[in-house]
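Visitor: Here's a structure for you.
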Amino acid sequence: MQTLHVELGDRRYPIFIGSQLNPQNLLAPYIKGRQVMIVTNTTLEQLYLQHYQDALHALDKQVAVCVLPDGEKYKNIEHLNLIFDALLKAGFNRDCTVLALGGGVIGDMAGFAAASFQRGVYFVQIPTTLLSQVDSSVGGKTGINHPLGKNMIGAFKQPEVVMADMSQLKTLPPRELSAGLAEVIKYALLGDIEFLGWLETHMDGLIAGDETLLAEAVYRSCAHKARIVANDEKEQGERALLNLGHTFGHAIESYLGYGEWLHGEAVATGMVMAADLSHRLGWISSGDLERTKKIIQRANLPISCPPIPLDEFLSYMSHDKKVLNGQLRLVLLQQLGQAIITKTFDVEMMKAAILANQASHT
């Protein structure tokens, strides 16, 4: 097992990374009160719920469960209310812990519930997908979607602990594993050229589900994110770099309908669009652009999206949370392994980069 810490002063918390982790031992110091609400989905209820219920009962905890349907399209106000209903029906108080057992959707919703129930209760993250292990479970961003934009309603809520168990990735469908690799590739492109080389060497093993390689990828990804979050918790500056590919990607997700494409798939194509624009601006070479496309393709991820009318694509981009004073800001690549956030780019070049990476209209 490897351990990282997100350094946030008195809110410092650990990330445990390994296989066959023991929840009873690892969670014991971090669950403050007796009451624990496990929030999970219908898929994970069958796979892992009993394991964690048993561990919590062994710690003499009062356990209740809220099971939500599985999928991004359920990340909305109606299903968030089901968590509040469960907390209130169980009679839980402000010393309770909300434990997220699931991927990014469950983590985002359970975290938002923990941030808002009785103005804030304890929160624990047990991410069960690669994407949530390397990204959404770390850093405290929580929230739900709105028909006009992804993650538009939410709060910052840091967990007490994150427990990433590689053995749970065995049950992950290949498409979900690939979606998680999009966020892993993101960390390499935005800040670590050596990590990009490591991914190029080991991509076949990662796709095959090698737990040792996956643990290393999760550790290196979380180390990047933990450092950035410690420096910029509320995304006033450097943390926005973690949105490489996301402005384009969120537009793709919003247009196609949440859940039609997985988040990681949309981010993958979004990163290609960002790299394409960076190339058009003269910042990266054509070889760098091809290298970006190749590593994304090797992870079995898309490098183009279905045809989307340009005016609608741009409209969704205008709802992005990085828009400041009416100006769109993009995360682009100054070089491979070095990203910047900028509002200085040629809009016509941006439009060309979007259109060039859509599947043929014919």
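Using the three backbone atoms N, Cα and C, a Cβ is placed for every residue, glycine included.
Per Swiss-Prot, the features are:
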type	residues	note
BINDING	70-75, 104-108, 128-129, LYS141, LYS150	NAD(+) binding site
BINDING	GLU183, HIS246, HIS263	Zn(2+) binding site
Visitor: Please report the distance from the Cα of ASP108 (NAD(+) binding site) to the Cα of HIS246 (Zn(2+) binding site), rounded to the nearest angstrom.
Guide: 16
Visitor: Spatially, and counting Cα to Cα, which of the binding-site residues is closest to GLY104 (NAD(+) binding site)? Options: GLU183, HIS246, HIS263.
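Guide: Nearest by Cα distance to GLY104 (NAD(+) binding site): HIS263.
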Visitor: For the Zn(2+) site given as GLU183, HIS246, HIS263, which other residues of the same chain have their Cβ within 8 Å of the site's Cβ centre?
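Guide: Once GLU183, HIS246, HIS263 are set aside, the remaining close residues are LEU131, ASP135, ALA182, LYS186, GLY245, GLY249, GLY264, ALA266, VAL267, GLY270.
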Visitor: Determine, using Cα-Cα distances only, which of these binding-site residues is closest to GLU72 (NAD(+) binding site): GLU183, HIS246, HIS263.
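Guide: Nearest listed residue in space: HIS263.
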Visitor: Given THR129 (NAD(+) binding site) and HIS263 (Zn(2+) binding site), what distance in Å do their CA atoms have, once rounded to a whole number?
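Guide: The separation of the Cα atoms works out to 12 Å.
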Visitor: Looking only at Cβ atoms, how many others are within 10 Å of the one on HIS263 (Zn(2+) binding site)?
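Guide: Summing over all protein chains shown, HIS263 (Zn(2+) binding site) has 27 other Cβ atoms within 10 Å.
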Visitor: Please state whether DSSP places THR129 (NAD(+) binding site) in a helix, a strand or coil.
Guide: coil
Visitor: As a test of the contact definition, list every same-chain residue at least 6 positions from ILE106 (NAD(+) binding site) whose Cβ is closer than 8 Å to its Cβ.
Guide: VAL39, THR40, ASN41, LEU44, LEU68, ALA100
Visitor: So for GLY104 (NAD(+) binding site), how many other CB atoms are inside 10 Å of its CB?
Guide: 26
Visitor: Taking the Cβ of THR129 (NAD(+) binding site) as the centre, count every other Cβ atom within 10 Å, in any protein chain shown.
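Guide: Around the Cβ of THR129 (NAD(+) binding site), 29 other Cβ atoms lie within 10 Å.
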